[in-house]
Amino acid sequence: MAPSLAKLMLSNETSLKVLGNSLIMEKVLKYSNAFDIHSFRKTCHGIRTCVDDLKLDPQFEVYVIYMITDKKIDAAARVTGYKTFKSISYEQINDCENIITTVLAVLEMNLKNQKACLEELRLVCSFYEWTVKSKEPLETLIPEKLVPITSEFLAGFKEILKRRSGLLKVKKLNLYSVREEDVMQVLPYLDPKSLEKLQIGDSHWLHGELYHKTDYPESLKISYDIEEMTKTEQWKNLRQVTVNTGILSTPIQKMNLTNCSKIYITSVARITSDDVVYLKENLLTPKLQSCTICFEEFVEDPQLTEFFGQPRYIERAVVVFKRDRRIWYFPIPGANGSMMEIDLDRKLCLENVDSFKYE
Amino acid sequence: MSSTEQGTSSAAPAEPTTAPESAAAPEVPESFYYVHGKDKVVHKVSAGALQHSALIHGMISNLGYTEEQAKANPFPFENIDGDILQMVVDWCNQHKGKPTPPEDTNLPKQKEKLFDLVLAVNYLEIKELLTYCCKQVAMMVKGKSPEEIREIWMIPTDAEDEAAEKEAKKRAGKEAAGETAAAAGDAK
């Protein structure tokens, strides 16, 4: 008898009777994590059908995708109750394959039955292998190679999210190296009640963050407009927002930030006295933790002293083109002695504090 | 408490003991039933131990056998190997009337035996033992790749499955053709 036939007969008699039995398999998978379930699925058709029919929640806690090049994508995930990540690398060997299709197929299979809330979903698009010094200049890499696959990937991801029976629950969404339209492919399709933290960053920011370099080509710095995403229910319910982009053109008063307790934005094109007053009035609540906004230009008209009075602390600029540092304090109503500290120099910081700085 | 008997041995029914007058309630004599597997070896098991099996418990309740009737009519489980049924009976006896512990480390370590036990326990509807067995199966595949799982449990790949099926069909076709030719020869 051929070995394959012997194997088939044995499996038909025992293995498939056990592992293809949904009642038994449900009990076995109760003690298996998502990766073991995935391994079971890949053994054979009979077991795969049995596992899929059970529609088990894989209980992913963190799911990360790094788009390293247009031909290489890494994915890593961690399951609830485990400390380590399990990662998988996808590489496109020949042109007749489509790496995006493969990655999306696995992503859909993994997230299809996810009912538990993901603590973090991180999509690092265009994570280009800058670590391995590319021979090609940066200018040719980003627009020509990375944006199209980012768009293709996120358009596919949007369809996966739309096909799910319920909105995917995610507590923290990190989208790096994305444009505003890329964010809109994901953000509106997540459960607005679960999403608490959003962190977005463009390629410029990612480049600086990874390599601590400031040599990002000026021509590639794009103006960023988040107005559309700030209108979504998901954004309005956020507790923490971090926007790391080149230059953010959206006016501060249109950013719908008043529900947030923690804000970090770098950097906005322009900030005015009215914006500072608006933030002070709307964030002066006990839930405030901190709000930091970097800016390119500050238009102080009228003077802030007209609204806030004299600052408690002034640090005179030693260089002519630099601005004086000024700090104001305002008691937060109902916060048991806590104060809002407004610290303004090259950036604007509003923070919930218990004592004065520089007493 | 349990005994293994070949064929229909004469195990005398337990005599009811006379309860002392001071006792709160008279002690009810334990009833016994008989089961056998593929090897026809009969196992005498108490009703208390058999309560673990929802299938047998249901059968007992419906039949209302007397001790003599039970002895004369052992429950046949032709689909269960004798050694596996012995394991099941032993487990039921060990856990008779006791709360089941969270772990059971006495399960077979050989993979073939474990799968046979899973199938038997699933058939006999012994919930707790099935849970232990399933947990052990899960532990045996923890962290394994699909290839390793295939190797452990002798699972063919889809390609092997297809090839083997084709081979089997081809063989069956040849055998059928041979039989037809032989029949035609006989007819002549």
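Placement of Cβ uses the backbone N, Cα and C atoms for every residue, glycine included.
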Annotated region 'Disordered' segment (source TrEMBL; candidates B:73-101, B:160-188): B:160-188
Integer mean pLDDT for the domain 'SKP1 component POZ' (B:38-96): 89
Helix, strand and coil counts within the domain 'SKP1 component dimerisation' (B:127-170) (DSSP): 36 helix, 0 strand, 8 coil
Secondary structure tally of the domain 'SKP1 component POZ' (B:38-96) (DSSP, helix then strand then coil): 33 helix, 8 strand, 18 coil
